[in-house]
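Chemist: Not my notes, these are from TrEMBL:
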ACT_SITE  CYS114  active site, proton donor
BINDING   GLN84, LYS153, HIS183, GLY238, ARG239  FMN binding site
DOMAIN    27-328  domain 'DUS-like FMN-binding'
Amino acid sequence: MNEQLPPSPEKISYDVGGITISPAVVLAPMEGVTNIVFRRLIRSLGGPGLTYTEFFPSKSIAETQGKVLDEIAFDPEEYPIAIQIFGRDPAVMAEAAAVVQDLGATIVDINMGCPSKKVCARSGGSALMREPELAVEIVRAVRKVVTVPLTVKMRTGYDHDNKNAPELAWRFQEEGVDALTIHWRTKVDLYSGVRDVTPIAEAVQRVKIPVLGNGDVVDVPSAHAMMQETGCAGVMIGRGAVQDPWLLLKIARWMRNEPQPVINARERERVLLLYHEKISEAFGAERAALNRLKMVAKYFAEPLVFGKSFRKAVTRSQETSEALDHIRTYFSLLEAWEAGDLGAFDGTIFDEMEAAA
Ligand SMILES: Cc1cc2nc3c(=O)[nH]c(=O)nc-3n(C[C@H](O)[C@H](O)[C@H](O)COP(=O)(O)O)c2cc1C
């Protein structure tokens, strides 16, 4: 069984402030993606030991303005759930943390990893790694009010000359943080850069609390590499779960030494259409549902044949019906291709897009 896969890790769970996360494979927070519908979908397919919400601005939560509190939706059976907040004002972060704790967060997570303009412009997210004293102050303020486990998600540093994640990891531990996630990129790498997991390994050495490894875990071998090279307690999966919603299940099964699932074109189509149906129900407005569908479709078929053309076709669609037509056509062709018809895509819009690229 699983001869082609690397050996399973010996330990497949970890403890965050008294909560056991098992298996040690976690769905990452992703703005615009990991809403309640996407998280339900991933949980229904199986695999995650823990799911994260998208990030939420501490200021809006603290002031309870707008719809932010409605957006922090999760099911009672979605357990354990980490709710992530961002911001740079310690008092406001503490206030927001208390609110999300009262909403029922199993874990409160502080975002120090996001490189997006929206977050960093207000010097939250990964910009905080450049201001370690403020970062520690935020953690201290939040820890004072939060009784549930507290975690921090960060990058390895702000830039290549300042990979301070190991030092910050230790300081956060001393302030009472229960676990950490470290993405191997720095803030300036955004989503590119040359893979360097050494600072994650150093952080693992420096602290007693669990550290999750994050960044480009897209299959079982990359999950194994992350754990093997860093000694991390588990892996956090972001884009890989959008490309392949069964990825957490695959990693969980690998960890448990169970057979791998086999996913065909029809099953992929079923899951993407189901996602669209559910976001349409949940978000009402057709445009909002189409935008969320596009967000997922951007990654969904990336590793598959003609996947890049699929992405283009769906993301360029002006209307929902157009996007759905592309989805149905693509997966029918993929089914034929999987059945051995290697010319299935010839002369189709996907073929033309690939040729034009
Ligand atoms: C569309 C998108 C949205 C993201 N939103 C968040 C977020 O809300 N909070 C956060 O901490 N990280 C966010 N991230 C970063 C991911 O959680 C993760 O750290 C990063 O994508 C690297 O992991 P991966 O290679 O498995 O995707 C986001 C990433 C993407 C691609």
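Including glycine, each Cβ sits where the backbone N, Cα and C put it.
TrEMBL: automatically predicted annotations, no manual curation.
On a predicted model such as this, the values are computed, not experimentally measured, just so you know.
Could you place the listed features in the three-dimensional structure?
Modeler: The number of other Cβ atoms within 10 Å of the Cβ belonging to CYS114 (active site, proton donor), over all protein chains shown, comes to 24. The DSSP secondary structure for CYS114 (active site, proton donor) is coil.
In this structure, ARG239 (FMN binding site) is part of a helix by DSSP. Counting only same-chain residues at least 6 apart in sequence, those with a Cβ under 8 Å from the Cβ of ARG239 (FMN binding site) are MET30, VAL218, TYR299.
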Chemist: Mean pLDDT, the domain 'DUS-like FMN-binding' (27-328)?
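Modeler: A mean pLDDT of 94 is what the predicted model shows over the domain 'DUS-like FMN-binding' (27-328).
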Chemist: Have a look around HIS183 (FMN binding site) and count the other CB atoms within 10 A of its CB, chains all included.
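Modeler: Within a 10 Å radius of the Cβ of HIS183 (FMN binding site) lie 27 other Cβ atoms.
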Chemist: List the Cα distance (Å, whole number) between CYS114 (active site, proton donor) and HIS183 (FMN binding site).
Modeler: 10
